[in-house]
Structures are given as structure tokens and as C-alpha cells.
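Input: a single structure, listed below in C-alpha cells.
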Amino acid sequence: MPDVRRCDFCGRIIEPGTGKMFVKNDGTILWFCSSKCERNMLKLGRDPKKVRWTEKHREFMAEQRGEL
């Protein structure tokens, strides 16, 4: 059974056989579900907690409100 992976930017589940794996020079592996996520993290350098449409932002805001 293939591993279920999550996008390192938005937190969505990546279906097996889809998505993109990016390996940094230090050996860190990043998984992206779409080019939108890849661009936002690598090219634009955005923090997932500050981008409103990501799961990581929703989790961060819930934590700030004390819902978790």
C-alpha cells in the first residue's frame, strides 16, 4: 500500500501517483500537491500559517482562539 502524503505547504492529502517531490540541497524532501503550493513556498517564500486558504492557517487560527 502506498504511503499517504501531505502537502508541505497547504496540508492537503496527496493521492498516490500525483503531486511533486522536491529535494533541497541539504537533503530535505518537500512534497507539494500543486504548482500553486510549490510556487508559494519556494519562489515566493510565503509562510503557510499566514496564507488564508491553507489547512495550516486554519489550525494556527484555531490554536490562537483556544479551540484546540
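Heads up, the Cβ atoms here are built off N, Cα and C, so glycines get one too.
Remember, it's a predicted structure, so these values are computed and weren't measured experimentally.
Predicted-model confidence for the zinc finger (7-37) is 96, expressed as mean pLDDT. Under the heading zinc finger, Swiss-Prot lists 7-37.
Taken from Swiss-Prot, the feature Zn(2+) binding site covers Cys7, Cys10, Cys33, Cys37, and the record attributes it to sequence analysis. Under a cutoff of 8 A between CB atoms, and with a sequence separation of 6+ in the same chain, the neighbours of Cys37 (Zn(2+) binding site) are Cys7, Asp8, Phe9, Cys10.
Counting other C-beta atoms within 10 Å of each candidate's C-beta, the binding-site residues Cys7, Cys10, Cys33 are led by Cys7. Under the three-state DSSP scheme, Cys37 (Zn(2+) binding site) falls in the helix class.
The Zn(2+) site, placed at the center of the C-beta atoms of Cys7, Cys10, Cys33, Cys37, has further neighbours from the same chain whose C-beta lies within 8 angstroms: Arg6, Asp8, Phe9, Gly11, Arg12, Ile14, Gly19, Trp31, Phe32, Ser34, Lys36, Thr54.
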